[in-house]
Amino acid sequence: MNSILTSAQMRLADQHTIEVTSIASIDLMEQASSAFVTAVMQLYPDKNTSIVVCCGTGNNGGDGLAIARLLQVRGYDAITVWIARFNSYESDDFAFNLSRLYHTPIAVTEFFPADQLPDIHQHVVIDALLGSGLNKPLEGDWLRMAQHINQANRQTVAVDIPSGLRADGAIPEGEYTVRAHEVVTFQRPKLSFFFPESANSMDAFQVVDIGLDEDFIESLPSDFGLVEAADIQRIYRKRKPFSHKGTYGHALIIAGSTDTMGAALLSCGASLYSGAGLTSACIPKEGLVALNASHPEVMYCSWADLPYTWGSFDAVGIGPGLGKACDNLPTILTYSSKPLVVDADALSFLGGKTALLKQLPLHSILTPHMKEYDRLFGPHGNWWDRVQSAREQAVALQAIIVLKNRYTFIVLPDGTVRINPTGNPAMASGGMGDVLTGMLVSFLAQGYDPQEAAVLACYLHGAAGNQLVAAGMAVVPASRLIAELPRAIASVGI
Ligand SMILES: NC(=O)C1=CN([C@@H]2O[C@H](COP(=O)(O)OP(=O)(O)OC[C@H]3O[C@@H](n4cnc5c(N)ncnc54)[C@H](O)[C@@H]3O)[C@@H](O)[C@H]2O)[C@H](O)CC1
Ligand SMILES: [K+]
């Protein structure tokens, strides 16, 4: 897992690296700028590309000055530098890099107020106004400069973070920032990149290594970690050579109603294709023909039989398309001390029912999207607050909350958060959540503990979607994703 640091922790890592590896801070800036330039050269290989580097006077601006010089050294000869001199502050490394720049042919223009800014005719803008040192919203000259950059509508690449975007904490609605097509960020992604509100500030980001001490970074306590392929390799257990259906558990999906049988079928299919030894469906009888036609391997279990058969299931998921039958949830909760996967209609049913929520078996997995989450635990004005609330609820309920989005937040019972990086907009369509539920139940049935199952299911769900997009699909329907799951699993190990 790649821990994600707050801006204060990033500064610590910066200072630590300077002290322990005895690298001077100006040289660390040079390393960061060099890594940035390598990324820019890949984005814009044509050395005739005209570029304006807009610099503040702190270390983000210092990076900008070094980037301009290094680009010129590497053959880019249409470089212009603008400096936003909106106050008297300048960092030492900014000042040093400015003195270096005067030995180059690069044109430097300093702007005192921001109202004399010339039109931007360059092809690319490099945004080095403000970085992780941001401590208040953009206003006055800074705001005008950011507006000027955005109105020019050029290819914009931000250094470390779009100017005006905070690295962590709530992003207030309408907060103005430079809008970057690409952010080349140093050493670790910033937490705010994973929050939907950052979509107003950036299209994409890439992380470049600038040589900070990785051991130190990983030793810092962090509440947020980014799931990596290596985590999945560690969690995933290959199927055993002498094994049979009993080895991989029995999953039960309680789902579907006359009008919403598809949700049940998708969950059952996902359980089957994620490798559960057996999958049973507790669905209305009207769904049997469809179930047999779509997934003949899946068995049927009636509501009446549930009390007697309950003990034979290794894992149970409840909710997709369940409709009115959610009324049975309180009874179901009396059957089991095994963790449940609770999704969709079952989550809506639990909304406001605090006593019932507390009866959920320990380490149950709740899989709300934003609206379901707010229905469960009350409205939230922004994603930061929602995630903080999910951390409190996960601790209080000793549950795992899988808060679904472009980057799904997997909130663990100790209050820490794993951020899932896989998935893509081609997957944004109905039924995807039902598939995730089936996968979660399947991995639980196979003996993964709930935290492992949550990380594994979210990652492979997105990975399957990514594989289909890589194979040329612009849109990925949920039923197609199911068929891809075995291949996504195979990419981890057979
Ligand atoms: N992480 C690392 O190890 C490295 C980071 N580098 C770069 O350094 C910046 C952070 O630099 P810093 O000097 O701390 O802050 P900024 O340049 O972001 O800001 C300068 C200064 O501006 C003031 N300020 C903050 N917010 C506002 C505002 N809204 N309006 C006006 N003024 C504002 C405040 O006083 C700040 O101190 C990081 O992003 C990287 O780009 C290193 O170069 C390499 C190592
Ligand atoms: K910036």
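Each Cβ is built from the backbone N, Cα and C atoms, and glycine gets one as well.
Record check, TrEMBL: AMP site residues include Lys404, Asn405, Arg406, Tyr407, Thr408, and the candidate from Gly381, Gly430, Gly431, Gly433 also listed there is Gly433. Asp127 is the residue from Asp27, Asp93, Asp127 that TrEMBL records in the K(+) site together with Asn60, Ser163. For His369 ((6S)-NADPHX binding site), the same-chain residues that are 6 or more apart in sequence and have a Cβ closer than 8 Å to its Cβ are Leu403, Lys404, Asn405, Gly433. Look at Arg406 (AMP binding site): DSSP puts it in coil. For Asn135 ((6S)-NADPHX binding site), the number of other Cβ atoms no farther than 10 Å from its own Cβ, over all displayed protein chains, is 8. The most densely surrounded of the binding-site residues Lys404, Arg406, judged by C-beta neighbours within 10 angstroms, is Lys404. Taken together, the residues of the domain 'YjeF N-terminal' (10-218) have an average pLDDT of 95.
A Cα-Cα distance of 9 Å separates Ser163 (K(+) binding site) from Ser132 ((6S)-NADPHX binding site).
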